[in-house]
There are 2 protein chains.
Amino acid sequence: MLITANNPKIKSWLDVPNNSDFPIQNIPFGVFITKDDVITIGTRIGDYAIDLGALQQLNYFEGIELTDDMFMQDTLNDFISDGKKTWRLVRNRISEIFESTNPLLRDNTDHKEIIVCKMKDVEMQLPVLIGDYTDFYSSKEHATNVGKMFRDAENPLLDNWLHIPVGYHGRSSSIIPSGIPIHRPMGQMLPNGETTPVFGASRSIDFELEMGFITTDVNIMGENIPVHQAEDYIFGMVLLNDWSARDIQKWEYIPLGPFLAKNFATSISPWIVTMDALEPFRTKGPKQNPNPLPYLQQNGKHTFDINLEVIIKPENGEATLVSNSNFKYLYWSMSQQLAHHTSNGCRVNSGDLMGSGTISGPTPSNYGSMLELSWGGKNPIVLKDGTERKFINDNDTVIIKGYCKKNEVRIGFGEVANKLLPPFVRK
Amino acid sequence: MLITANNPKIKSWLDVPNNSDFPIQNIPFGVFITKDDVITIGTRIGDYAIDLGALQQLNYFEGIELTDDMFMQDTLNDFISDGKKTWRLVRNRISEIFESTNPLLRDNTDHKEIIVCKMKDVEMQLPVLIGDYTDFYSSKEHATNVGKMFRDAENPLLDNWLHIPVGYHGRSSSIIPSGIPIHRPMGQMLPNGETTPVFGASRSIDFELEMGFITTDVNIMGENIPVHQAEDYIFGMVLLNDWSARDIQKWEYIPLGPFLAKNFATSISPWIVTMDALEPFRTKGPKQNPNPLPYLQQNGKHTFDINLEVIIKPENGEATLVSNSNFKYLYWSMSQQLAHHTSNGCRVNSGDLMGSGTISGPTPSNYGSMLELSWGGKNPIVLKDGTERKFINDNDTVIIKGYCKKNEVRIGFGEVANKLLPPFVRK
């Protein structure tokens, strides 16, 4: 089936600002609350939020097999369960409806009033009910930097890293959308040079520049998905900030991995950009050496050229770009991650989230965490307002942005932006 | 409010076999499918399954504030959300209804036919939708044994172990009830003495004797629950088998913890025994030295005297008891685990599951895993049929049982029993 929605020549009858992340070629999926306090599934064109529930009720999806209330739900899980063919039919249909020469909705003022909202009037929600959240560790540069800092500068990569897309389970209950502020966590830490731990507010709150992908129902328990089929089960991608408390992490993580250092907050951008929309930006990943085991081997273009930026905005100061990276730097592809994840029969469901791990690149300006940017706090970075940062300060907002660009078409993710508040105090 | 349901003198008008885990003093909660293919919430007395949905429809809960369909659901999450007062009112009411001198239901043949099923006619389901699953590592004996085998025999406990109830995130999607068979997982492993990993069927499948507790809604994100309040948020307990593939685990777990070695299956017993039912078996835990940090300090009796057994049943062989242990051996209490888990503001919801970690005791017969029982495969154990086991063989069934006993009252958990099938083969 053709992805007609990707036609770069199409324009929408809705106004799309220059350099918008959301031209008519994007058509991401999300969930929002309208100004009438109705929760609905929607998409976005320019600075307009489109109510897909209303669009369905008014019969604009006629001819596509959908349950009656498919878009009148508060999560995308059921739609995602319907599979790739349905996703593509719906995305193509939305493209037709909003294409500049199509008068159907364009000239129906009553319908437009019901269907088209302004982004500033809606409140974005988490797009899916996330049953399980897995976070990988797939940037060779990031794993190398961490290894240099904490283990062996000469031999920074652990033995398994080049053979396994290393990953661990995160906590679904702490995943929040962009815009929700978080508290600096309290926790147990071992101060440098001490032998007895203390309990207090973390002093080294970090971001991790990541992206995440959302799956459809992949398998039944016990079955695996081969690497060459894995992409069919990926619905789309979001930006992800894997907030981390480095001092808590350092003390707790041996031998079972990060726990309270991570599960106080993970934030994601609210619009899921589909793999279909990202198709034109497909590219080759880094050469893998040694060759992975057969169940992880793949040829061709299995990653995507997605520019990434991290910005720190102090409470009353100017925003500063502190990192720019690219999704394509990752060593392990999403299909390798998913094939590995199901290689033991682990069940993966619709709405599950898989994080990439911190996406660092080859040069220091590409590093995806303060840990790496300030090299463990040794080299503070200076913001535009003249203040220094080893880690994130109270009332700083961390903003991650991401976009693809090719032949004048820009497909973006918007942003995930969250403010760090001081620790919670019980009243 | 009195826990009248715990009165040891009460007998039920339903027949309860000698030594049953489910006398009228137990009243656990679960979910089952009846022979008419209806899913309902229920309880159990002796070998009878009681349909609480039917009991509610027939007005037996009059006077207790419950939503109309509270027990006509396929999970206990909403009931658990209602909190401790409601749990106790319902349990006391069930106790009254089934008490031997109460003719109300006893003498109503029509109602009894609708409400009372035989256990052999129902199919037990997972009792809750588990949003997040955390597994702790709270047995000092287990952590010490593992440390001796894999790290430093002289200094087996890691530095953080006596200060932190160490835990990690497990995978909710792979949690299954007793009775569901599982496949031996495939995975990546590093054969002894080799430097290149291989992919194949795990050769060291293990059980881990654990218990788990189910929480109600504990907090909003960012807030913590103090240790002295934590027990109020625990609904009840189940038996848990944290199936593990030791060869996969050994190769993958550094630095982010166990992943595919664990997420192929975790099984639980289907009846949640309430903390109210366990109240008479409250006891003191081991002395904690060094004294934990203030946010983890508690005095008094915060654990429970629960006898535990592991049995291996080969396909055509006799069942052999391979381990007996006790929940009270655990170093960290459930309230300490929950206080620690929320100390950073991590949100904990109704239906979340927290595993104890392998429960080993002071003597080798108390060890809670094959890894410890066979000491890393060095000392195979001999089953009653004469066959040896270093780990679990294909077609073995692993059965975990648990019960408390005091003053002639026995409160039990039934069992979690799952068969290990050969690896899944794609057709």
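Heads up, the Cβ atoms here are built off N, Cα and C, so glycines get one too.
What TrEMBL lists as active site, proton acceptor is A:His142. When Cβ atoms from all protein chains are considered, those within 10 Å of A:His142 (active site, proton acceptor) total 29, not counting its own.
Among the features that TrEMBL reports, Ca(2+) binding site is placed at A:Asp135, A:Glu208, A:Glu210, A:Asp242. Secondary structure at A:Glu208 (Ca(2+) binding site), taken from DSSP and collapsed to helix, strand or coil, is strand.
When other Cβ atoms within 10 Å of the Cβ of A:Tyr137 (substrate binding site) are tallied across all protein chains shown, the result is 23. Per TrEMBL, the feature substrate binding site maps to A:Tyr137, A:Arg151, A:Gln249, A:Tyr253, A:Thr358.
DSSP assigns A:Thr266 (Mg(2+) binding site) to a strand in the three-state reduction. According to TrEMBL, the Mg(2+) binding site annotation covers A:Asp242, A:Lys262, A:Thr266.
Here TrEMBL flags A:25-127 as domain 'Fumarylacetoacetase N-terminal'.
Sequence annotations record features per position, and here TrEMBL assigns domain 'Fumarylacetoacetase-like C-terminal' to A:134-419.
Considering only the binding-site residues A:Tyr137, A:Asp242, A:Tyr253, the residues lying within 10 A of A:Thr266 (Mg(2+) binding site) on a C-alpha to C-alpha basis are A:Asp242.
Candidates A:Tyr137, A:His142, A:Arg151, A:Gln249 (recorded positions) were compared with A:Lys262 (Mg(2+) binding site); those inside 10 Å Cα-Cα are A:Gln249. The subset of binding-site residues A:Glu208, A:Asp242, A:Gln249, A:Thr358 lying near chain B, with Cβ atoms under 8 Å apart, is empty.
Sorting the domain 'Fumarylacetoacetase N-terminal' (A:25-127) by DSSP state (H, G, I as helix; E, B as strand; all else coil) yields 40 helix, 22 strand, 41 coil. Cβ atoms within 8 Å of the centroid of the Cβ atoms of A:Asp135, A:Glu208, A:Glu210, A:Asp242 (the Ca(2+) site) belong to the same-chain residues A:Leu209, A:Leu240, A:Asn241, A:Ser244, A:Lys262, A:Thr266, A:Gly355, A:Ser356, A:Gly357, A:Thr358, site residues excluded. When pLDDT is averaged over the domain 'Fumarylacetoacetase-like C-terminal' (A:134-419), the result is 97. Listed in sequence order, the recorded positions near A:Asp242 (Ca(2+) binding site) (C-alpha within 10 Å of its C-alpha) are A:Thr358, out of A:Tyr137, A:His142, A:Arg151, A:Gln249, A:Tyr253, A:Thr358. Sequence-distant neighbours of A:Glu208 (Ca(2+) binding site) (same chain, six or more apart, CB under 8 Å from its CB) are A:Asn241, A:Asp242, A:Trp243, A:Ser244, A:Gly357, A:Thr358, A:Gly368, A:Ser369, listed in sequence order. Taking every pair among A:Tyr137, A:Arg151, A:Gln249, A:Tyr253, A:Thr358, the residues recorded as binding substrate, the greatest CA to CA distance is 18 Å.
Within the same chain, residues at least six positions away from A:Glu210 (Ca(2+) binding site) with a Cβ under 8 Å of its Cβ are A:Asp135, A:Leu239, A:Leu240, A:Asn241, A:Asp242, A:Gly355, A:Ser356, A:Gly357, A:Thr358, A:Ile359, A:Gly368.
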